[in-house]
Amino acid sequence: MNSIAIVGAGLGGLACARVLQLHGLDVTVFEQEVSADARAQGGTLDLHGDTGQVALHTAGLYAQFRELARPEGQQMRAIDPRTGDVVMDEVPAEGDDFRPEIDRGQLRGLLLGSLEPGTVRWGHPITDVTKAGRLTFADGTARDFDLVVGADGAWSRVRRALTGVRPEYSGVTFVELGLDDADRRHPDLATLTGQGTMMTKIDGKALVAQRNSNGHIRCYAVFYAPEDWAAGLDFADTAAVRAHLLERFAGWHPSLLGFLHDLDGGFTHRPLHVLPVPHAWTCTSGLTLLGDAAHLMPPLGVGANLALLDGTELATALATAPSVGEAVRIYETGMLPRSIETAKACATGLHDLLSDDLRSMAA
């Protein structure tokens, strides 16, 4: 039986492991973080009917997903940044389940819970990967596998064994903030946000707020900036970051600036990096990539969906192809063209996100 290692316990890697185990294949997931709750897993995401939901059907987890999903999270609102007026409010129709929302942490928990005990080896950072499928760990030990799958995200170590290409700064930065128990503690901002996503933008700047579960709202200040724009700005100093953002968003309606004033906790700097388009590599029998490791693109609602689809398609190919090498070839033949076209669309979507067209809801 072929031995398969997945590096990274994100959504795509876990989906791949789940389907491999459904087919009775041996797989181990190595994750550098020490536990499933070592860090926050990010905000909400929408699972698309033609990608992420297809993957969950393949993984046999669609029914459990539906129990956690929030169809009402498909609501999209646009607010005029100068007046605070609502210029668009699209509420999903009854029975519209094409893009229901779910918290990333909830989805990851669902996938983790579906795996056989001991599948994920926590606290196993990788220091080296070879094309022959050898993994070297931080403790100096090494293991050989018939296939190593790089599901280790934007700064993938596995990718370095296949290509020297690295992510590049996109020219756009995100600053994240959060509101807790928003309906009770921040009712005006909760009303502005609605049940899904609220966007307001002008002059190359945007505020995007998204409803999460348990009354939490995540908001992102988005703007064009040089890579070193925050030099000298201490993100541990919430007051200083707030003052900088209020100056950058000067002239916006006070109701919207409330997101910057009333946050719970601090600000988090998230500069946006992407892989070049197109991005590909020479097919190699013992190595492949999925998710952000393969096609890091702007976070406009498709990355997690593609990662899930990548993982389940790779696992299906490994379960049905006559050899590991043929499975990798089949998988990459479908995945790479799809990711290139999607990355092109996301590049356009990032431009739309920061355009003045309030009805262009790229996020």
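Placement of Cβ uses the backbone N, Cα and C atoms for every residue, glycine included.
Remember, predicted model here, so these are calculated numbers, not experimental data.
According to TrEMBL, the features are:
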- ARG39: NADPH binding site (BINDING)
- ASP46, ARG104, ASP292: FAD binding site (BINDING)
- 287-321: domain 'FAD-binding' (DOMAIN)
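On the structure: features taken from TrEMBL.
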| residue | record | Cβ contacts under 8 Å, 6 or more apart |
| --- | --- | --- |
| ARG39 | NADPH binding site | GLU33 |
| ASP46 | FAD binding site | GLY73, GLN74, ARG99, PRO100, GLU101, ILE102, GLY301 |
| ASP292 | FAD binding site | GLY10, GLY153, ALA154, SER156, GLY303, ALA307 |
In terms of Cβ proximity under 8 Å, which residues at least six beyond the ends of the domain 'FAD-binding' (287-321) contact it?
-> 2, 4, 8, 10-20, 23, 25, 45-48, 51-52, 54-56, 58-59, 99, 104, 107, 129, 131, 133, 147-154, 156, 158-159, 161-162, 167, 170, 172, 174, 272-275, 277, 279, 281, 327-328, 330-332, 334-336, 338-340, 342-343, 345-347, 349-350, 353, 362-363
Would you give the longest CA-CA distance, in whole angstrom, between residues of ASP46, ARG104, ASP292, the set recorded as binding FAD?
-> 17
Per DSSP (helix/strand/coil reduction), ASP46 (FAD binding site) sits in strand
DSSP puts the residues of the domain 'FAD-binding' (287-321) at 22 helix, 3 strand, 10 coil
Measure the Cβ-based neighbour count of ARG104 (FAD binding site), defined as the other Cβ atoms within 10 Å of its Cβ.
-> 17
